[in-house]
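What follows is a short report on a single structure.
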Amino acid sequence: MKLLVILLFSGLITGFRSDSSSSLPPKLLLVSFDGFRADYLNNYEFPHLQNFIKEGVLVEHVKNVFITKTFPNHYSIVTGLYEESHGIVANSMYDAVTKKHFSDSNDKDPFWWNEAVPIWVTNQLQENRSSAAAMWPGTDVPIHNTISSYFMNYNSSVSFEERLNNITMWLNNSNPPVTFATLYWEEPDASGHKYGPEDKENMSRVLKKIDDLIGDLVQKLKMLGLWENLNVIITSDHGMTQCSQDRLINLDVCIDHSYYTLIDLSPVAAILPKINRTEVYNRLKNCSSHMNVYLKEDIPNRFYYQHNDRIQPIILVADEGWTIVLNESSQKCDHGYDNSLPSMHPFLAAHGPAFHKGYKHSTINIVDIYPMMCHILGLKPHPNNGTFGHTKCLLVDQWCINLPEAIAIVIGSLLVLTMLTCLIIIMQNRLSVPRPFSRLQLQEDDDDPLIG
């Protein structure tokens, strides 16, 4: 009976494992389409992306980090760290000690990036490996005195086709081989700000173009013979929500601009007081019922957004769809809001020898992507905030079981064991059934005559 149980569970475990061994070194391409909101997948048609998912895995929601902006979340993907830990805490920053400023047009100083070690640096430092990058934030900066062997300086006017051609050329023909590569594209974020997720007509056109680019990516990889052995992750940094001229929070109505310096604006405004901090806070805290005002030490723990000098003394967080302004104008749509909001979440899809086929998973954290990528590449991860266990179900070489599967396996196992037990009992009963009645056998003393 014990042997049967051991064999049963050995079979179950074996069924969840797959041989992913290969003589080729593992390779990984990480692709980001900026501002790709998770539910775009449900609301629009993506034939090329759906084919990609059908042969790979899909994570329906990736919970990103606060604040839900481009630079911070792209750095969280490749470091596995919260913003307070990796130091890229916003798209616009100020360091009070060095008096330095950071922005999307002034981002090349390694000072801002050196609080963490991104995966392309770790990979680049390995023997017989190199990294490549097509405009992923930070990849054109020497971080810890290391830069990828192959990279493109950021230029938004460079086409997706040119970026793709460079990346595939480097993946296909480099020495030492490129084993980790990144590719970044500004859409659908740029159009999302302009039109918004509720503009079906325009966003349908924009997202069709995105899907066509994914089709071009897959076709290019197949044409160059990279498709079968290359692991590809397609994801994003954040989503998008609709804003309105009717939902504005005008700071000039609440406080004189001479009292503070505005480091970053909506929907999370970073305030550096010029006068007493408490006075500035008191003037702002009742400014709008649609905005939370926090002293730095009171920022909710769930944001992991306190412990860094680049986080300003006062933070303003607008409600979803509301915009913090200094005048009456605003863009139609934005991101950066509370990272618990589904509208802020991106998705993740992946394909390749490291991943299952046709598997869907509900949610992971954006910081979980880093330890998963390190595992795929065989790299030792730096200390991080991610949890590798959250992504095990995506990978063919990992034992993984979620709650519904666990319940199904337990019930199935009990049914099988019950059937086996019943079968054994039936067989034992058959062997111990009494033989049919036979003629009475006389003992030796029964042969004596009854009458002497």
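Glycine is no exception: its Cβ is also placed from the backbone N, Cα and C atoms.
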* Of Asp34, Asp107, Asp199, residue recorded by Swiss-Prot at the Zn(2+) 1 site of Thr70, Asp237, His238 -> Asp34
* To do: Look at the Zn(2+) 2 binding annotation in Swiss-Prot, where Asp189, His193 are given, and name the residue from His48, His61, His335, His345 listed for that site too.
  => His335
* To do: Taking Cys254 as one end of a disulfide recorded in Swiss-Prot, give the other end from among Cys243, Cys287.
  => Cys287
* Structure fact -> In Swiss-Prot, the entry for N-linked glycosylation site among Asn172, Asn276 points to Asn276
* Where Cys254 (disulfide bond) sits in the secondary structure, as DSSP reduces it to three classes -> helix
* Asked: Nearest to Asp237 (Zn(2+) 1 binding site) by Cα distance: which of the disulfide-bonded residues Cys254, Cys287, Cys393, Cys400 is it?
  -> Cys393
* Asked: If you count the C-beta atoms lying within 10 Å of each candidate's C-beta, which of the binding-site residues Asp34, Asp237 ends up with the smallest number?
  -> Asp34
* Asked: If you measure His238 (Zn(2+) 1 binding site) to Cys393 (disulfide bond) at Cα, how many Å is it?
  -> 23
* Structure fact -> The predicted model's mean pLDDT over the topological domain 'Extracellular' (16-406) is 95
* Inter-residue C-alpha distance, Asp34 (Zn(2+) 1 binding site) and Cys254 (disulfide bond) (nearest angstrom) -> 34
* Quick one: among the disulfide-bonded residues Cys254, Cys393, Cys400, which has the most Cβ atoms sitting within 10 Å of its own Cβ? => Cys393
